[in-house]
Amino acid sequence: MGFRFLDIVKPFTSLVPEVGQPDRKIPFREKVLWTAICLFIFLVCSQIPLYGIRSTDSSDPFYWAKVIMASNRGTLMELGISPIVTSGMVMQLLAGAKLIEIDQSVKADRDLFSAAQKLFGMLICVGQGVAYIWSGSYGDPAVLGFGNCFLIVLQLFFAGIIVMLLDELLQKGYGIGSGISLFIATNICETIVWKTFSPTTVSVGKGTEFEGAVIALFHLLLTRNDKVRALKEAFYRQNLPNITNLLATVLIFMVVIYFQGFRVDLPVKSTRVSGQQGTYPIKLFYTSNIPIILQSALVSNLYFISQLLYRRFPDNILVNLFGAWRTSEYSQQMIPVSGLTYYISSPNNMSAVLADPFHALFYITFMLTSCALFSKVWIEVSGSSARDVAKQLKDQQMTMKGHRDTSVIKELNRYIPTAAAFGGLCIGALTVVADFMGAIGSGTGILLAVTIIYQYFETFVKEQQELSGGIGGLF
C-alpha cells in the first residue's frame, strides 16, 4: 500500500514555477518557432561560463555522460538534463512500484506528481552543485571561498530551472517533442560533426595531427610520402577519431533507422461509426529511447558517486569494490580501472574486448538486461501497458477487429510486453555493437540521436495527417 507522499508536496507547489497550458491550438509554424527559440536559449546557456570558478582543468565526474546528458563543462549547462532525467526516473519508478500513491485519472494527482518531480529535480541541482564544488572540480573550495561556492550553486540551480521550463514549454504543446530529446540530439549531433570535421590540432608522438577524422584523412594523404601508410593511419589511428569510427557511426545510423520500420499493425474499428477502420501500430522500439536514457542516467550517477568516494577514500576496500579510478594520459579524465564501475563501462574498441573478454561479457549482460528491464517497467509506469492502451481505445470508441472489449487486453498482452522487452534488448545490443566498433559519439549517443531524429520525423508526418483529419490522425 502506497503512502500519500503527494499530500506532503502540496504546501510547496506554490514555489514551483510552471508553464500554463495553451489556451488555443498552436499552429505548426508557431511550434517550429518556439522549438527554435528553446534550442537557441539552451545553446546560449551552454556558452555562458559560470561566474566564480577558478579552474575547470581537473577531472570531470560526469565526463562519461557529457554528450548524453547535454551538458557543457564550466558553463551554466554544466548539469545539462541530468537533474530532470534523474528526478523523472526515480519518481516514475517509485510510482510504478506503488511506493508513491497516485491516480493518473485524477488531474489534481497528476499536477501534484509533476510538481513533486520538479521539486526533486531542484534538490538534485543543488546536491550536484555542492558535490561538484566538494570534489574540487572548480578549484579548492577553501580558495574559492563561501561566497563563490554559493554563487556557483545558485547559478547551477537557476540553470536547472531554465532547462525544466524549456522542456515543459515544448511538452505542453507550444513546441515540437520534448526539451530533453531536443537538447540530447543537438549535443550528440554537434559532437559527431565536430569529431568528423574538427580543424583543431593535437600533438601526438608522430607530430601534429588534426582532431577531425575527415580533415585528418586529407592532411595525412597530402603530407605523408607513403600514401598507403597514411591511409592506414587515417583509418586506424588510436585515441583520436578515425575513418573506421566514422564508417561505424554511419552503419549504426542506417541499422537503427531500418529497425525503426519494424512493427505489427493491429486492425481496429470504430464502435460508433460503421465501416470506419484503421490500425494501431506496435513498434519494435515500443518504448523508443527511454531504456537507454534511464540506463545512462543510472550509470552516470553511479560513476559520479564512485569518483567522489574514491577521491576521498582511495584506500577503502568497499570503495575500491565499487570502483577504482585513474587519470587517462590522453584525455586527462578519470577512467575506471577496477570494481563495479569498470565492469559496467564500455570497452573502447575490439582490442579492449579481446584484452579483457570477461569485462566485455559482463558489460553486454548488464546493457541487455538493464535496457530490457527498464523498458518493461516503463510501460507500466508511463501509461502504455496493454491495459492502458485498451482503455485508450475504449475511450476513443474503438476496438480491435474480431475481439470483444473483454478480450482486447488479452490480445494486446500478446504483443506489447514482448515488444517492450525485445525492443529494449535490441536497443541495448545496438549500443554494445556501436561501442565495440568505436562509433563516434558512443553507442548510447548514436542510438539516442537516431531515435530522437526519427521521432521528430514522425511528428512532422503526424502534423500533416492531422491536417487531413480522419482515423489515420488518431494513430
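Using the three backbone atoms N, Cα and C, a Cβ is placed for every residue, glycine included.
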So, ALA65 and THR223, same side of the membrane or not, per Swiss-Prot?
yes
Checking feature assignment: transmembrane segment per Swiss-Prot, candidates 174-194, 216-236. Which range matches?
174-194
Take the transmembrane segment (290-310) and find every residue of the same chain, 6 or more past its ends, with a Cβ under 8 Å from one of its Cβ atoms.
59, 61-62, 64-65, 68-69, 82, 85-86, 89, 128, 131, 134-135, 180, 184, 316, 319-320, 322-325, 334, 336, 339-341, 344-345, 367, 370-372, 374-375, 378, 382, 423-424, 427-428, 431, 444, 447-448
Overall pLDDT for the topological domain 'Lumenal' (311-353), taken as the rounded mean:
86
Cβ contacts the transmembrane segment (242-262)/the transmembrane segment (441-461), at least three under 8 Å, sequence gap 6 or more:
yes
Counting Cβ pairs closer than 8 Å, which of 33-53, 76-96, 119-139, 412-434, 441-461 has the most of them with the transmembrane segment (146-166)?
119-139
Under the DSSP assignment, what numbers of helix, strand and coil residues are found in the topological domain 'Cytoplasmic' (375-411)?
24 helix, 3 strand, 10 coil
